[in-house]
Structure formats: structure tokens, C-alpha cells
Amino acid sequence: MAADIPTFTLNTGHKMPSVGMGCWLGPGGGGDVVEEMCKTALKLGYRHIDTAYGYFNEEKVGKAIRESGVPRSEIFLTTKLPNHHHDYVAESLEESLEKLGVDYVDLYLMHWPQAYSRTDNKPIPYGQSPTFLETWKDMEKLLETGKVRAIGVSNFSVKLLELLLKEASVVPATNQVEVHPCLPSFELKQYCEDKGIVLTAYSPLGRPKEYDGKPVFLTDDDVVRIAKAHDATPGQVALSWGVQRGTVVIPKSENPERIKQNITLIKLSDEDMTALNVIHRKPGMHRSLLRYHSNSQDGTVFGWTYEQMGWNMVKGGIVADK
Ligand code: A2P
């Protein structure tokens with residue numbers, strides 16, 4: 001049975017479950033672990049799975065869906081166009097559908113605004129063809145094929161969304177970005193709400209194991225205090241905050257107990273929400289928690305500067321508070 005969680009309505013009229021299983025398991029793709037994880041999730045009531053061409057596991061996700069016994073029509077499935085296919089949109093979708101073994105996806109996202117060259121896989125400088133506007137135009141055409149129910153973007157800032165919306169015929173249904181209590185992105189969230197774009201939070205738990213197993217905000221005093229008061233875990237607090245403020249969350253877990261926990265939301269009070277809304281204001285907390293920031297010695301993200309991305313950040317992903 002589907003879990004009892006809210007759904008959000010996209011600008012296409014389709015419903016999107018507020019909690020999904022995130023399928024990024026590193027560059028190896030995760031192999032059988034992904035298949036098992038998705039099967040467990042579907043058994044425990046998940047009806048939303050988020051993968052990508054670049055997660056290297058579309059075959060395993062598709063196999064899990066087929067063998068789960070849950071009808072395809074009950075599952076909201078997202079996949080994403082990789083950077084090196086920005087001038088190869090229709091073909092790339094076909095490759096993804098083939099690997100997933102499905103006739104359509106519910107949501108197809110441009111994974112990043114940056115394009116890479118298809119021949120040498122190197123980043124193409126900002127503004128050069130294929131631009132994200134050109135790629136978006138090709139994605140719009142996919143809607144007529146019935147092979148995608150909705151299209152959207154990922155890793156887009158307000159600046160890039162503004163540029164996109166000036167030219168777009170179709171408003172993206174969602175924008176999927178890193179969002180959690182250390183990076184609540186209030187301005188982007190408001191902008192998306194104003195434009196009818198659902199904001200999806202990836203890494204809503206802050207990818208805790210990347211910090212040598214030391215979670216950053218899951219051990220925060222306020223998060224722990226609120227968790228105790230609700231007889232819940234810090235992870236449930238972070239995810240419930242995400243859904244209650246109107247964002248979709250897609251936590252990854254391969255552990256059955258945590259898979260279950262992550263789709264068991266709690267009702268937070270106004271006071272709880274207020275406390276969680278300001279965690280990023282504590283010293284050193286306002287930042288991205290993902291490695292692609294700390295790996296970047298020159299302050300670029302996949303070939304573009306933070307300024308080109310429209311991200312108000314400095315080296316290491318620290319947010320440059322105004
Ligand atoms: P595991 O798969 O062993 O559960 P994010 O989705 O923010 O990128 O975080 C994913 C990471 O968080 C994974 O390492 C996952 O480990 C861990 N994780 C998933 N659910 C929880 C939870 N409820 N509490 C703490 N850590 C979690």
C-alpha cells in the first residue's frame with residue numbers, strides 16, 4: 001500500500017509524492033544494492049523513485065519496478081538528461097527508457113545547466129552552444145511524444161531560471177536542487193513558488209556519511225531536541241521540515257529501517273519549524289554539504305563559476321551571506 005504522505009500537484013496537473021527514493025550511490029551506480037533498495041522502498045509504501053542517466057543504475061531501478069508487483073502507473077519515476085547529452089536530447093531519453101524498460105517517465109530533468117562535449121566529455125564554457133536554452137527547447141518537444149509526462153530542471157538558480165523563463169514555452173514543472181537545514185534557499189523557494197515550479201530537495205539529509213560519518217545538522221542541538229520531543233529521529237525531523245515547508249524530499253537509504261523512517265513523517269509545530277528555519281544562521285552552518293564544492297580548488301562547479309551558476313557562494317560551498 002502507498003504510504004500516507006502528502007502529494008504536490010505539478011503545473012501539468014500530475015501528482016508527485018512528497019517523498020521519493022533518491023538513487024545516487026556514487027559513480028559505480030550501486031549494482032544490486034540499488035535494486036534491493038528500490039524493492040524495499042516500494043514494499044514499504046514509496047511510490048516515487050528518482051534516478052538519472054548519470055547515476056549508472058537505470059537498469060537496476062527498472063528491474064526493481066518490474067519485479068516489485070507495484071503497477072508502473074502507481075509509481076512516479078524521474079530520470080535526468082546528462083551533461084554530455086545536451087545536444088542529443090531525444091536520443092538520450094530513448095537510451096534511458098530502454099535501460100529502465102519503461103514506455104515513459106513521469107518527470108525528465110535537465111540534470112545540470114552546464115553542457116559537456118559529447119566527444120571528449122569536457123565542460124563547454126558558459127554561453128556556448130548547446131546552451132541550456134537550446135537544450136530546454138529540445139526537451140519541450142519531448143512532451144508531444146508522450147514519453148515524458150513533465151519536464152523540469154535541476155541545479156538551477158534564480159538567475160538561470162529567469163533566463164530560461166524569458167525564452168521558454170513550457171515552465172519547468174520542478175527544479176531539483178540541494179536543500180536541507182544548512183542550505184534552506186528561501187529566495188529560490190519563493191521564486192519557484194511564484195512561478196508554479198515545485199522545488200525538490202536533493203540530499204535533504206546533507207549526505208551525512210560524506211563527513212567521515214559525522215553528520216552536520218543531524219547532530220545539531222535543536223534538531224536533536226525536536227526529534228526527542230516527537231519520539232522521532234533527526235532524519236525524520238529534517239525530512240518532515242522539508243515536506244511541511246512545501247518541498248519534495250528524495251533521501252537515499254539502503255537500510256530498511258531508515259527507508260521506513262524516511263517515509264514516516266511527523267507533524268512539526270510552528271515553533272519547531274521556526275527553530276529549523278534558522279539553523280543555517282548558526283556560525284559556519286550556512287553552506288552546501290556536497291563534495292563537488294570542496295573538491296573544486298578554483299571555485300568552479302563542473303566548469304562554471306559560482307557567479308555563472310548564480311550561486312551566492314565562495315570556495316568550498318560556503319554561502320556568502322549578505
Ligand atoms: P544509508 O543508505 O546507510 O541509510 P542524502 O539523501 O541527504 O544524500 O543522504 C544519504 C545518506 O544518508 C546515506 O549515506 C544514508 O545512509 C544516510 N541516511 C539515510 N537515511 C537516514 C536517516 N534517517 N538518518 C541518518 N542517515 C540517513
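Using N, Cα and C of the backbone, Cβ positions are placed for all residues, glycine too.
Bear in mind that TrEMBL entries carry predicted annotations, made automatically and left uncurated.
The Cβ neighbour count for Tyr55 (active site, proton donor), using a 10 Å radius and every protein chain shown, is 23. What TrEMBL lists as active site, proton donor is Tyr55.
Sequence annotations record features per position, and here TrEMBL assigns substrate binding site to His111. Just so you know, the Cβ of His111 (substrate binding site) picks up 20 other Cβ atoms within 10 Å once every protein chain is counted.
The domain 'NADP-dependent oxidoreductase' annotation in TrEMBL covers 34-277.
Residues annotated as site 'Lowers pKa of active site Tyr' in TrEMBL: Lys80. Spatially close to Lys80 (site 'Lowers pKa of active site Tyr') yet at least six residues away along the chain are Thr51, Ala52, Tyr53, Gly54, Tyr108, Leu109, Met110, His111, Ser154, judged by Cβ distances under 8 angstroms.
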